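Annotated features, as they stand in Swiss-Prot:
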BINDING   THR16, GLY17, GLY18, ASN128, ARG166, SER195, ILE249, GLN294  UDP-N-acetyl-alpha-D-glucosamine binding site
Amino acid sequence: MSYREVSRVLIMAGGTGGHVVPALSLARALRARGVSVEWLGSPRGIENRLVPAADIVLHRIQVAGLRGNGMAGWLLAPWRLAKAVWQARQVIAKFDPQLVVGLGGFASGPGGLAAWLMRRRLIVHEQNAVAGMTNRYLSRLADGVYAAFPGAFGAHRAEVVGNPVRDDIAALGETPRGSDALRQRPLRLLVLGGSLGAQALNTQVPQALARLPAAQRPDVRHQAGRDKETATQSVYAEAGVEAEVSAFIDDMAAAYDWADLIVCRAGALTIAELAAAAKPSILVPFPHAVDDHQTLNARQLVDAGAARLMPQTQLTAESLAETLATLLEPETLATMATSARAQARLDAVERLVAGCMEANRDSQ
């Protein structure tokens, strides 16, 4: 069977960039092989901005998560699920995909159930080190189960393929930055708080840097998040530390390329990008992540010696300053960079595409 014999694939992913960005990488790879791709999402997730921008048809169904919705949410859940499944069945009937691929998010649950009820081939991919509720359920119905991390589905068998990473980011790590290059200029620290920002990083990083001797301080670029740029600039000014602060970073590949050490959260996509780009890191997992999955994500790089783990409960100016002082050495950073690249799974997209073709081949 050739790739062109699979002509239509429906991708289900939504909510956050951690689901949508890897799914977009898969969509681009499928389209490059002549496959028609459409998307199933919800009305409020980031897919509403990113998917149309990629010139992909986006179908929206009315669906929301169950966790945190209280007793009323659970009582209404069966009716809401039935409605969402009915909407998803309409999308599938109209687009008539040969394969449905779920990568997490609210729409994947009813969409995957609709695909199973309509006897369409279904595969799922889990980006985090522990599978979310939707993917755990769908893994029991799916024809193929893929994971970025070993053990994501517990005892359920899954093929570990990693997370898709953009080509321009993966290319950065082809030659990890060595100690000789790092000695030629001031070291560079990149702080990433995500689109909403991370208040703990915005307050503690400037104060930690202030504790370092001026000669040891790196050049700093700090992405502070929406509506947090001015306040973060003030914290740096009060600490007497120079930094370039921005609300967002439009070109992540350029930002990674600039950096020698990165302080950030431990989302699944971030972990994959750090490894691919060969970037040492200090990882501060988001403490309220479901099932504490960011801490589990971080273990891949931490156990390999490519990152240091700093739980937010232990994040103080003193502890961070001590860690920075230890890591801001050319030899240390060079060793960590090599270790990070060794953890990269650069063929994740190709293996997912192959999985799509294999699932469809089995149906012939």
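Here the Cβ of each residue, glycine as well, is placed from N, Cα and C on the backbone.
Values in this document were obtained by computation on a predicted structure and should not be read as measured data.
Counted over all residue pairs in THR16, GLY17, GLY18, ASN128, ARG166, SER195, ILE249, GLN294, the record's binders of UDP-N-acetyl-alpha-D-glucosamine, the longest Cα to Cα distance measures 23 angstrom. Long-range Cβ proximity for ASN128 (UDP-N-acetyl-alpha-D-glucosamine binding site), meaning a same-chain Cβ under 8 A and a gap of 6 or more residues, is found for GLY18, ALA148, PHE149, ALA152, ALA268, HIS293, GLN294, LEU296, ASN297.
Cβ environment of THR16 (UDP-N-acetyl-alpha-D-glucosamine binding site): GLY45, ILE46, GLY105 lie under 8 Å away, each six or more residues apart in the same chain.
GLY17 (UDP-N-acetyl-alpha-D-glucosamine binding site) falls within a helix when secondary structure is assigned with DSSP. Taking the binding-site residues SER195, GLN294 in turn, the residue surrounded by the fewest other Cβ atoms inside 10 Å of its Cβ turns out to be SER195.
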